[in-house]
2 protein chains.
Amino acid sequence: MSVVLPAERLMKVLGYSFQDPQRLKQALTHRSYSSTHNERLEFVGDSILNAVIARTLYLAFPQLTEGELSRLRASLVRQEALADVAGELQLGDYLSLGEGELKSGGHRRPSILADALEAIFGAIWFDGGFSEAERVITALFASRVAKIDPAQALKDPKTGLQEWLQARRQPLPEYVLARQEGESPNQLFEVVCLVRGLQVETRAEGPSRRNAEQQAASAALALLRERHPGKRL
Amino acid sequence: MSVVLPAERLMKVLGYSFQDPQRLKQALTHRSYSSTHNERLEFVGDSILNAVIARTLYLAFPQLTEGELSRLRASLVRQEALADVAGELQLGDYLSLGEGELKSGGHRRPSILADALEAIFGAIWFDGGFSEAERVITALFASRVAKIDPAQALKDPKTGLQEWLQARRQPLPEYVLARQEGESPNQLFEVVCLVRGLQVETRAEGPSRRNAEQQAASAALALLRERHPGKRL
């Protein structure tokens with residue numbers, strides 16, 4: 001059995017002291033433990049995390065396009081990355097989990113850790129207002145934002161998808177032109193990206209075939225990373 | 001040619017007066033008009049809109065689950081709904097569009113209107129801070145939130161998807177059980193929802209087959225609404 005620690009230590013590492021500690025307790029409660037669990041808070045917390053990171057990246061990278069900012073954000077807030085942040089806070093030690101989840105190592109599961117972290121952001125928003133939540137999120141992600149190398153992070157998504165699949169010994173994706181409309185310079189291309197072995201089919205539109213392929217590859221990669229957060233399939 | 005009106009009238013209906021009117025101008029500028037366009041602001045504005053609506057729904061509907069809140073939000077912030085709000089503000093009259101977009105009726109196009117509205121929310125956040133953006137968004141969406149009837153809005157997604165397809169004379173979706181793991185009460189079902197005619201394939205996991213089917217149907221419906229915002233295909 002893991003021991004649930006008093007939350008004062010957690011508030012200290014978060015840099016935020018709850019006016020109503022019940023809010024923090026709820027954010028740390030998995031649905032397997034109680035009906036007063038953290039899923040609704042997670043919904044709100046996910047949204048404030050996305051907003052704060054969007055603004056941070058907008059200001060940090062004035063030269064990047066909307067699509068590039070969106071990809072950088074996805075890399076910062078995906079489950080694995082959030083579970084890393086949760087790990088630094090030792091969030092697993094504070095979670096309330098049901099018997100079954102406890103036995104199966106739920107306090108180390110990336111999805112449970114990531115959800116609880118987001119729920120904490122939502123709880124801070126309700127407890128202390130937006131600017132407090134923004135301050136905590138900004139502090140937790142500052143070093144990660146500072147480390148972003150756009151050239152590396154924004155590596156062409158087709159290359160990224162190919163590397164992801166090769167590392168897992170999967171067949172390479174296929175790109176199919178589904179539609180082509182209009183005349184230059186207002187042409188529209190729609191491309192489907194198929195990863196047959198893994199039942200992934202994404203599609204995207206763009207002003208060129210290459211652009212549409214890159215976008216479809218980016219969507220496929222995001223989906224695969226979400227479905228298979230680990231290094232192995 | 002549409003006449004671009006001075007933005008004072010728009011600020012009046014928005015209920016927000018920009019300290020730096022250039023920010024509003026940029027939010028109203030489509031990429032076809034200038035390289036100083038609204039797409040980056042839209043990225044930030046979309047995120048603050050999602051956060052403010054998430055919090056509003058959380059407080060308004062304490063009995064709803066995370067998934068239900070998420071579906072209500074999707075219905076409030078989808079392109080059609082945003083274009084409606086933009087229409088009430090007569091946003092089309094204020095847009096700066098390139099020659100081609102002007103000629104093809106760009107100032108009435110739902111995607112252009114919705115994007116500009118989101119960009120305005122982002123611009124207000126930068127210009128006046130979060131609470132001003134929150135105030136404007138809350139005011140614009142208050143009547144829509146008040147009108148939500150959860151029973152109707154949360155109509156079972158499989159029914160919703162079926163009705164959507166029937167209204168467009170499309171074949172009905174198929175649900176395929178892709179995976180089943182674990183033992184009751186910790187079973188996990190993964191279901192694929194296929195809408196063959198429209199190249200849609202979504203998948204979802206859930207604690208029951210029915211739950212996974214509903215979630216996959218919900219994802220398919222969201223995708224279809226995004227791809228085909230109108231009443232016809």
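For all residues, glycine too, the Cβ spot is worked out from N, Cα and C.
Nobody curates TrEMBL annotations by hand; they come from automatic prediction.
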Using only what TrEMBL says about Mg(2+) binding by A:Asp115, A:Glu118, identify which of A:Glu42, A:Glu190, A:Glu201 is listed for that site too. A:Glu42
How many neighbouring Cβ atoms, not counting its own, are there within 10 Å of the Cβ of A:Glu42 (Mg(2+) binding site)? 23
Composition by DSSP (helix, strand, coil) of residues within the domain 'RNase III' (A:7-129): 89 helix, 2 strand, 32 coil
Can you break down the domain 'DRBM' (A:156-226) into helix, strand and coil residue counts using DSSP? 32 helix, 23 strand, 16 coil
Considering every residue in the domain 'RNase III' (A:7-129), what is the mean pLDDT value? 95
When the binding-site residues A:Glu42, A:Asp115, A:Glu118 are screened for a C-beta under 8 angstroms from chain B, what remains is A:Glu42
Same-chain shell around Mg(2+) excluding A:Glu42, A:Asp115, A:Glu118, C-beta within 8 angstroms of the CB centroid, reads A:Asn38, A:Glu39, A:Leu41, A:Phe43, A:Gly45, A:Asp46, A:Ala114, A:Ala116, A:Leu117, A:Ala119, A:Gly122
C-beta crowding around A:Asp46 (active site), within 10 angstroms: 24
Going by C-beta under 8 A and a gap of 6 or more residues, the same-chain neighbours of A:Glu118 (Mg(2+) binding site) are A:Leu41, A:Glu42, A:Gly45, A:Asp46, A:Leu49, A:Leu82
